[in-house]
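I have placed the structure first, in the form of structure tokens, so that the comments after it can refer back to it.
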Amino acid sequence: MASTTVAQLAAELSRSAAALLEQLQAAGVGKATPEDIITESDKTRLLDYLKRSHGQADDSSRKKITLTKRETSEIRQSDGTGKTRTVQVEVRKKRVLIKRDEAAPDAQADAVEAQAPVVDAVEEARRDEEERQQAELLARQEAEAKAAREAAEREEAERRARQEALEAEQRRQAELAARKAEEEAAASRAVTEANEDSSRKKAEDEKARVTAERAEAQKAADEAKAAADKARAEQEVAARKRREAAEAEARAIQQMLNAPPRVLKAPSERKAEEKKAEQTGTLHKPVKPAGATTEAKKDEKKPATTTTTTATADKKGKVVKAGWQDDSSRKKGSGLKTRGDTSGGVGGWRGGPRGRGGRQQQHDDSRSSFQAPTEPVVREVHVPETVSVADLAHKMAVKASEVIKQMMKLGQMVTINQVLDQETAMIVVEEMGHKAYAAKLDDPEALLVVGGEEHTDAELLPRPPVVTVMGHVDHGKTSLLDYIRRTKVAAGEAGGITQHIGAYHVETDRGVITFLDTPGHEAFTAMRARGAKATDIVILVVAADDGVMPQTKEAIAHAKAAGVPIVVAINKIDKPDANPDRVKQELVAEQVVPEEYGGDSPFVPVSAKMGTGVEDLLEQVLLQAEVLELTAPVDAPAKGLVVEAQLDKGKGPIATILVSSGTLKRGDVVLAGSAYGRVRAMLDENGKPTKEAGPSIPVEIQGLSEVPAAGEEVLVLPDERKAREIALFRQGKFRDVKLAKQQAAKLENMLEQMAEGEVQTLPLIVKADVQGSQEALVQSLQKLSTAEVRVQIVHGGVGGISESDVNLATASKAVIIGFNVRADAGARKLAEHNGIDIRYYNIIYDAVDEIKAAMSGMLAPEKRETTIGQVEVRQVFRVPKIGAVAGCMVTDGLVKRNSLVRVLRNNVVIHDGELDSLKRFKDDVKEVKQGFECGLSIKNFNDVQEGDQLEVYEITEVARTL
């Protein structure tokens with residue numbers, strides 16, 4: 001076994017040998033020099049010592065657990081001021097649990113049972129020698145350690161003895177000092193007590209003397225005070241009696257002087273007169289009682305000393321009252337009693353016993369209790385959407401004339417019954433110093449919310465998807481639907497383009513699908529927006545040979561705004577010039593990414609003509625519908641959307657409705673915007689009668705009171721009276737808002753027309769077969785307006801052209817446009833008699849083009865200047881009575897009589913005028929061509945010189961186009 005010295009171990013531990021020797025000696029290992037040998041047992045003892053010195057327990061140490069428990073309580077305690085304080089008291093308890101190691105006996109038993117390894121004799125001898133050496137070393141070390149311990153014990157005993165002796169001496173000294181201090185304190189206390197006894201005796205004697213003197217003085221003062229109080233009381237009683245007598249005498253004299261001569265009446269007659277005055281008086285001008293004049297004169301003679309009125313002196317020196325005090329404060333209290341009386345209760349509801357009492361007391365009370373308003377009253381005015389001038393004045397408690405004056409200050413002339421919009425009314429209220437709030441009307445539509453909550457617990461069942469087909473015009477939307485429906489709808493549309501929004505439901509092998517076919521022409525933007533609003537999935541049809549067009553981009557925007565998934569159908573792939581890859585790239589630029597590029601929009605190549613890819617398209621649509629998990633309640637009142645509406649001459653108003661939830665049945669009461677009614681008949685898209693329609697099914701209903709606006713929400717109500725009430729409320733609201741907006745825009749239009757000058761207007765009356773077409777046509781025509789010619793839509797409606805339309809056109813000098821409608825016999829005869837122009841169209845852009853041409857004819861023609869010749873002045877002749885005549889040579893073009901000319905001298909225009917005469921030799925001629933000489937004179941210009949150039953031109957008018 002390799003031997004290790006103290007120096008080597010110190011080098012391994014990076015410590016000095018001296019420090020290691022000190023630690024070995026402290027651990028009980030007797031090593032004196034760095035060359036001593038250290039065995040493994042020495043190292044173990046050193047390690048155990050180091051562990052104990054650093055607080056680390058060995059393996060045989062006990063394991064303990066300390067448990068700490070805290071309890072908190074409160075104690076209420078009063079302090080010196082009497083306030084109660086709460087003191088928090090915390091009690092801590094600690095418990096230590098010790099567990100002995102159970103593995104030690106087992107480890108010892110295992111160590112005993114372990115067999116010794118087999119070693120040879122040489123190894124045994126070497127080990128015996130090492131053990132002997134270690135035993136000797138251990139004995140030597142133990143002896144040295146024992147000696148060191150004995151020396152340390154002796155030294156510790158000596159140190160402890162010295163410490164005890166020192167402590168005993170200190171205790172003795174402290175006892176002596178304490179005894180001495182006690183003796184000194186006892187002596188001082190004795191002296192102090194003696195001094196205190198003598199001073200206390202002197203103080204008691206002095207206090208007794210002072211108390212006796214003070215008692216004598218207090219007794220004398222009490223006697224003097226009692227005598228003075230008695231004399232003062234006698235004087236006050238005598239003075240009060242004299243003052244009361246004088247006041248009574250003065251009052252009697254004053255009453256005698258102020259009392260006018262009058263006929264005395266019995267109390268019953270006075271009460272009758274007071275009752276009559278109360279009956280004949282009014283709120284603002286109560287009738288004065290009999291004694292009011294006397295009281296008024298009496299008040300005038302009295303000095304004005306009240307704080308609620310101001311007094312001024314007139315020319316005669318008489319005091320005249322000027323203030324807020326009215327006649328009711330001077331009268332006897334027998335006027336008309338009002339709830340808002342401010343006379344201190346004299347003439348009000350809570351007056352004295354029947355208003356009786358002293359007149360002077362009543363007058364003083366009324367004058368002292370009345371308070372004049374110090375600032376104007378600020379009212380909170382709730383302004384509805386529309387309000388008349390009279391109602392607005394009533395809300396502010398002012399006269400209507402004040403509101404009219406304020407409106408005139410704001411630059412508007414109004415009448416008392418004129419309707420103001422909410423914004424204008426709120427401005428007027430704030431200008432007049434009140435607070436304006438937008439009022440919430442008693443809206444009957446709130447009943448719709450309450451009614452809709454009753455059916456929120458209906459069972460939700462799967463419903464068919466609503467698919468809208470959108471795209472550019474002539475890209476094959478309707479043809480694609482034709483192939484799906486196996487019909488020929490496109491051939492029936494005028495011009496081969498769709499001008500109505502069509503709703504169909506198709507039963508396929510995979511389920512029912514409802515299709516909405518929207519127009520692709522640019523004029524039908526609102527129709528496409530309604531289609532996207534009501535849809536679940538959008539099929540975007542793009543022609544493979546045409547690519548992405550403006551209406552394609554618009555359809556993408558509508559679909560994204562509605563948040564519905566898009567399925568792209570690349571149509572017309574059977575054409576030779578079809579390029580589907582170009583279409584994909586263009587759609588990627590519009591943020592429509594195909595699935596193969598990592599997007600979420602499936603692209604399906606189809607051919608509506610050949611039927612290629614149609615089945616794949618339907619499969620993609622149904623796959624998207626499954627992902628959406630479309631559900632709707634069936635056993636509930638129906639809700640839906642007006643897809644299209646029209647007026648039939650025989651059937652009346654007809655509306656195409658797409659049911660979104662619930663079941664619509666024949667006989668239900670429906671509300672659509674401002675139209676209501678009971679469903680008299682219900683037809684499907686094929687014109688066949690049906691009794692009910694579930695979710696996602698389009699139907700055509702009859703029985704409404706008027707033609708509803710396309711896009712309105714349809715609701716089924718249980719009560720027809722409630723439906724009529726809501727419809728009438730919406731009609732009145734729409735009318736009031738429309739009138740208010742028109743009135744607000746009148747002044748602005750007048751100012752615009754004054755600034756722009758005269759503007760040509762083309763008044764039109766538009767009648768169409770369905771609501772959507774009329775709306776699209778009106779919007780397209782209004783877009784044609786320019787700064788010089790403006791389209792004015794006098795009236796737009798649905799249905800045939802009637803006599804009332806012709807009369808309106810006669811009054812407004814308008815042109816009637818009929819889109820897919822005709823005029824009846826009476827209307828035609830009336831139009832011929834009045835010279836009214838009626839135009840019929842069935843294609844929307846034909847109507848737009850003709851109106852555009854008519855507006856172009858109304859434009860002022862454009863004036864263009866054309867140079868027709870150049871003339872050089874060769875010689876100038878002065879002719880009496882005529883002036884200067886220029887002899888000229890036509891160098892370019894020709895010269896005509898009465899042509900316009902410019903005189904250029906050194907390439908500078910010095911005159912612009914007209915020819916007066918044109919002659920060749922002595923003959924008047926109409927024109928002179930290039931290369932010929934002529935003589936000419938210019939109107940109002942005689943300063944012609946040789947070498948001048950004449951530029952001959954003419955102005956032509958050119959018709960302008962939009």
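Placed from the backbone N, Cα and C atoms, the Cβ positions cover glycine too.
Under the heading compositional bias 'Basic and acidic residues', Swiss-Prot lists 52-77, 123-183, 197-250, 267-278. The feature compositional bias 'Polar residues' is assigned by Swiss-Prot to 78-87. Summarising the annotation, Swiss-Prot assigns compositional bias 'Gly residues' to 342-355. Swiss-Prot lists 52-87, 121-378 with the feature region 'Disordered'. The feature region 'G3' is assigned by Swiss-Prot to 517-520, with similarity to another entry given as support. Among the features that Swiss-Prot reports, region 'G4' is placed at 571-574, with the record citing similarity to another entry.
Note on the compositional bias 'Basic and acidic residues' (197-250): DSSP counts are 54 helix, 0 strand, 0 coil. Applying DSSP to the region 'G4' (571-574) sorts its residues as follows: 0 helix, 1 strand, 3 coil. Each residue in the compositional bias 'Basic and acidic residues' (123-183) gets a DSSP state, and the totals come to 61 helix, 0 strand, 0 coil. Helix, strand and coil counts under DSSP for the compositional bias 'Polar residues' (78-87) come to 0 helix, 5 strand, 5 coil.
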